[in-house]
Every structure is written in C-alpha cells, then in structure tokens.
Amino acid sequence: MTGAPLAAAVAAPVNLNGPGHYVGWGIFHFSVANVVMVAVIVLALIAALLLPFPKGRDRG
Amino acid sequence: MTEQLVRTRPTGGWTGSLRRGMERNLPPAKLLPDEQPSYVASWIYVFGVLTLTALLVVVGSGIVLSVRGPDWWHTSAVGHYFNSVHLWSVELLMVFMSVHLIGKFFMAAWRGRRALTWITGAVSFIACATTALTGYLIQQNFDAQWISTQAKDGLNAIGVGAYFNVMDFGQMMLWHVALFPIVVALVVLLHILLVRRRGVVPPIARAGAAGDRS
Amino acid sequence: MSRWPREAAEPDPSSFGSRPYDLVKEFVVALVGVTVLTLLLAAVFSSPDEKSMSVASWAKADPGDFTATALAELDGSSDTAGYGPPYNTAADGQKIGPFALAKTVGVTHAIDTAQAFVLTPLEQATQSPDVRAALGTYMSASDDQRGAWTDAYSTALDKAGDDPAKVTPGGYGPVPVLLSQLLAQAKSGSLDATLSAESGFYHSDYTLPLMFLADGSDLAAAGEQQHLAGDQWGMTNEVDNYPGQVWLIPDSFFYQVSPFDHSPNGDALVWAVMAVLTAVFLLVPFIPGLRRIPRLIPVYRLVWREHYKTHP
C-alpha cells in the first residue's frame, strides 16, 4: 500500500501536516508544537507539586 | 584450629565476594521494599517510574519497527502507526524525564552519598538525547537528509565526524538500535539500583531546625 | 567518607517512619497508563514522513541549480570541495582556541568532488561518441586548461541566470557537454544509484549523494522553509506542526548569539561551551553555590509539606 491509500490510512484526526506555526521574541524563535511541549513540562511539574497526594497509613 | 581458620576466612573467591557485596548492598528487602519512608508523599515521585515506563514503550515500539526493518513504516499503515508510537513515546519520555530532573534538582536529591545517583541520571538524559538524534538520522526521509547534513558540521568541527558519520545510514542504524540502547539500559539500570541501595533522599532539614547542616 | 562529610551526614531514610508503598503495582499502573496514552497520542497526531529529496527530483525541479552545483564540484569551488577534514585538505577545519581537533584527526573520508560527483558517474555510464570524446578531451587537458574552461563557463552560466540553455557560445571546451550529460543522468535517476554505488554493490553510506544535495541550493531552501536552519532554532524543530527535539534548546540557543552565530569556528565553540555545561550538569552535587540553589528556592517545602507539618 503506497501513495493515496496509505495517506488515507495514516490520516490522523488531528492533522499536524501542513505549514508550521512559529512564535518569536527577539532571538527566540520556537515552533508552536515545541512551546506546547515545554508548557506540558511546566504544567506537569506544577501539578505534581501542588496536587494532594493520596494519604497512606503511617507506620512507626 | 584449622576448622576455625576456614570458617573465619571469606570463602568463595571473587564469586563469593561479589555475592556478599550484593547481599550487603542490595538485599531483596531493599531491592523491592513494600514500604517507603513516610515523607514519600508527593506526585513528583511518580515521574521516575513514568520515565521508566515511557522508556519501555520506546523500546517496545522500536522492537516492532526493527522486526520488519527500516523500509516497512514508509509503505504500511500499521508500520506508520508504530512509527508514531515510537515518536510520541520519545516525546513523553523526555517530558517525564524533564519533570523528574527538575523535581530532583529542587529536592537536592544528591544529598547523603547520592551524588552518583544524580550523575547516572544526568548521563541517562544525555544518552537518551543522543540516541534520539540517531533515530532522527535513520528515518530515510527529508528529516534524516536535513538533520544528517546539518549535524555533520557540528561533529566534524570537533573531529568526531571522522569516525561517527551521521550520513552513513548503516552505521547510524547500528548505533541507534544496538549500541546506544545498551548504554541507556546499563546507565538506567545502575541509576535504579543506586536509588534502591540508598533509599529515597530525606527532606531537607529546614533552616535553624535540628539537623540543619547547610 | 570524610570527603563528603555533610553529604554523608544525612539521616537514614528508615529513621523517619514508613508507610506501605506498592512499587510493583505503581509500576504496572504506570506502564499501562503510559502505553495507553502513547497509543492515543499516536492515533490522534500520527507522525511526519516528509518525502526525501533525490538527486533526480532536484535535477528535474531545478536543472539550473543542479548544473551550477555540478560545475562547482568540477572546478573545486563547492562547499564540499573547500570543506577540509574529514573530506579533504582544502581547509584546516574548525578550531577551539589553539586546538584544531578536525585537522588532528585528519582526512578519513576522502572526497575528490570533481571525480566523485562528475567524472566517475560519467565514466561509469555507457556514453555516446561525443560525450566520450568530451570526457577524453577533459581528462587529457592540463589543470590550467581545465580551469580556463570551467571559469569561462561559470561566468557565462552566472550571466545566463544558471540556465544552461541560455548560455551563449564561448571557449568552454568539453564542459557544457559533460554537465549536460550529467544532468540527463541525474534526471533519469541513474546518478542517485551511481553515487550510492561508488562504494560497491552493497551500500549503506549516503555520504556522497547527501554532500552533493547539500552543496546545491534546493535542500537548503526546503529546510529554511520548514524553519529547520541552524539560525532558525532548526535543531529543535520538526517539519510541519510536529514537536521536535525540544531538549536541544540549550544547544540551539548558542547558535543564535554572538560570537557563535558568525564565528567560522561556531560549531566547535558551541561544542566547547556545551561540554563545560554538561560537566556542570553532571557535577551539580559538588559545585558550591549551585548545589545550594534548592535551599534558596524552597520548592522542596511543597514536595515535603506533609512531612514538615509533623516535623517543624
């Protein structure tokens, strides 16, 4: 399977193909996709630090 | 008299010393404890195991891609899907590892003779990034062409390119699926064994509190 | 352990009291969760597979750039011809201060651009009598004569906007015939095969075709269009809207700032800086000041807030 049938079969619900999007401040120039990945890291870190951890029974 | 000497002298040669070392440093209760110190109570601790499991998904999807060989994923929808799994597991691996790394930094997790644990973790990060680069080089598409012709300049600049040729598909394939994974596996294994040997780093003693030695 | 007195003095974890914690269950739950999450991400977002560029597609799309590049390989003015180690001795390669690592290691992958990219592919194919004659004339000419032909043709091609069809007649010797035949071989796809096969029947080394493609303008243009060039933070980017090697942001950063962005030794200098930063990263536990940061920015109070409630 090559060409059009393959393209149809691997088509994803969210299509990330096509011209990329970029943001920049001064010398900084990032793809939006990379900014999202960094944001995921930051949000995961904040969530891990702030969300309450289920309490277990203390021993000793 | 002779019996007494035999009993007190270490036995078993190198094998015996290795076994005693393992028993002393990593007894089963340390290797697989069913409890943790009471201060292990934060979601930040979960990112170590998340990193490890994402690495296993990377390896698993990589094995599937290897079974059918490098051309498969360009011509098969199933192959392309496994390539996608490989890509996204790597992105998750690096996200989880970054959170784990930042968390451990702010816990000063190298305290209490845990410096080697930190160092093996840092080496794992670099080894994973390097392995990922070789993965990008063996995609047999525009990405691979671009990244190899760009990366060669950096590597040639310090003489490494003379032996590690990023434009040699065969060489990069072997580094990516054989040599670097061995390095990653060994360093990660050592990292985990060190974590188990020393236990989870205790809380930083607060300024002025008893036990504060900063 | 007198070397690290303070480090060794941390209390034993077991002295804090403990709670049940099922590591194996945690591992299995995490493995299932991460596997499901990855399978979903792969299904929802897929992955990029931008078709590779071939010498054939390049020659068909931009015959002028192909011809100009082939001429540069023939007269020794291409990037590869002037690269230096590990491909040739035309330059010394980059340096870190007095250290010329590339030059020290030397030429390990010799490329004679005229021979590898132009003459060998022409010699290996079955040629018409006029091409055979042109090849014979070129091979038996002196270096000065060859230089005169290629210089003249280079100027004329430049004037014609890199379009060989618009080049006015002149003293180019056999050069136009050779390049026109090479273009025909490239368009037919046989040059891709010839360049790869110069190392033998079995081959896995794409150095020659990749260097040839990279000497042209079209690969660079395609990369820049996708924001993949070094000065576009391209090291971190992926084609289209996919995330790339985000973890290379520190490496990529230095390529954007002076002196790395314009120094002829830019790559080597970035490596030098990254080597120092990597050493710092590995040795954080031993670096005074750096290892105190966690105490100064008390994120740890959040991590262990439950503990500090009972151990003020």
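Cβ atoms are placed via backbone N, Cα and C, with glycine included.
TrEMBL does not curate its annotations; it predicts them automatically.
Taken from TrEMBL, the feature domain 'Cytochrome b/b6 N-terminal region profile' applies to B:18-204.
If one looks beyond the transmembrane segment (B:40-65) by at least 6 residues along the same chain, the residues whose Cβ comes under 8 Å of a Cβ in the stretch are 72-73, 79, 82-83, 85-86, 89-90, 92-93, 96-97, 99-100, 103, 107, 128, 177, 181, 184, 188, 192, 195, 200. Marked as transmembrane segment by TrEMBL: B:40-65 (among others).
Under 8 Å from some Cβ of the transmembrane segment (B:85-103) lie the Cβ atoms of residues 44, 47-48, 50-51, 54-55, 57-58, 61-62, 64-65, 121-122, 124-125, 128-129, 132, 135, all in the same chain and six or more residues away from its ends. Positions annotated as transmembrane segment by TrEMBL: B:85-103 (among others).
TrEMBL lists B:115-138 (among others) with the feature transmembrane segment.
The feature transmembrane segment is assigned by TrEMBL to B:173-194 (among others).
For the domain 'Cytochrome b/b6 N-terminal region profile' (B:18-204), the predicted model reports an average pLDDT of 97.
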